[in-house]
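Everything on this sheet refers to the single structure shown next.
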Amino acid sequence: MDSIDRLKTYLATYDNLDSALQDANESEERREDKYLQDLFIEDQGDKPTPSYYQEEESSDSDTDYNAEHLTMLSPDERIDKWEEDLPELEKIDDDIPVTFSDWTQPVMKENGGEKSLSLFPPVGLTKVQTDQWRKTIEAVCESSKYWNLSECQIMNSEDRLILKGRIMTPDCSSSIKSQNSIQSSESLSSSHSPGPAPKSRNQLGLWDSKSTEVQLISKRAGVKDMMVKLTDFFGSEEEYYSVCPEGAPDLMGAIIMGLKHKKLFNQARMKYRI
């Protein structure tokens, strides 16, 4: 009989087996209770740190600082001492002067009735900085669609230049005056003269499409495309022709007229490809 069989035979004939198992269970329960109690003890006194923790802490380069010395200093002195011990490379110098030793001013040239303006970025810019400089120039040129740059006022701020000017609005007064003069001439003519000329086929066709939606494509991240129609800007056919009697070349042109009529064109140009 091997050792396993002998052990089974012994346990089967052991009189105190039940008592031994009960003692083992009670011992296990006491151990678990003590473990749970230790988890909620807040003040356990000054217990020595296990050696494996000490070894791990001593290997960390961040703990090389003399902590005992810091406890003897006031809070302000601790901060000053800590800053003195920082590596020089970690200190940030905000007073570094930035100058461009080599810079070419803009040059305006005229050739055969055409003008050209050459703009030169400061020498030494990184690729990212050069792109930022270029986008700034493009933004200034883009703004000329909304106002007359030559009339803008340039204001110096602490960290920027501010351009201020009057927003350009669509001028339909010439068309209205032209129509009024035609109507006045017709009223002075003989009674047999025909009435006002009917609207062109194109104009009638555009208003017939007053409920047709046109998609404005977004050109900014985070801005969704927008669907608009003529009735979003004009309450009636009369209002449409009172804004610009000559009409528009196409439906998108009429939408643009509506945006200008509601003074929304400048905002739309910043967000959508118009």
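From the backbone N, Cα and C atoms, a Cβ is placed for every residue, glycine too.
Quick look at what Swiss-Prot lists:
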type	residues	note
COMPBIAS	174-193	compositional bias 'Low complexity'
MOD_RES	Y14	phosphotyrosine
MOD_RES	S59	phosphoserine
MOD_RES	S61	phosphoserine
MOD_RES	S236	phosphoserine
MOD_RES	S242	phosphoserine
REGION	1-59	region 'Interaction with N(0)'
REGION	166-202	region 'Hinge'
SITE	W133	site 'Involved in oligomerization'
SITE	T136	site 'Involved in oligomerization'
SITE	K260	site 'Interaction with the Nucleoprotein-RNA'
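If you take the Cα of S236 (phosphoserine) and the Cα of T136 (site 'Involved in oligomerization'), they are about 42 angstrom apart, rounded to a whole number.
Nearest to S242 (phosphoserine) in space, judged by Cα atoms and limited to the recorded sites W133, T136, K260, is K260.
Under DSSP, S236 (phosphoserine) is assigned to coil, being neither helix nor strand in the three-state scheme. Averaged over the region 'Hinge' (166-202), the predicted model has a pLDDT of 50. In this view, S242 (phosphoserine) is surrounded by 14 other Cβ atoms within 10 Å of its Cβ, with every protein chain counted. Annotated pair W133 (site 'Involved in oligomerization') and K260 (site 'Interaction with the Nucleoprotein-RNA'), C-alpha to C-alpha distance, rounded: 31 Å.
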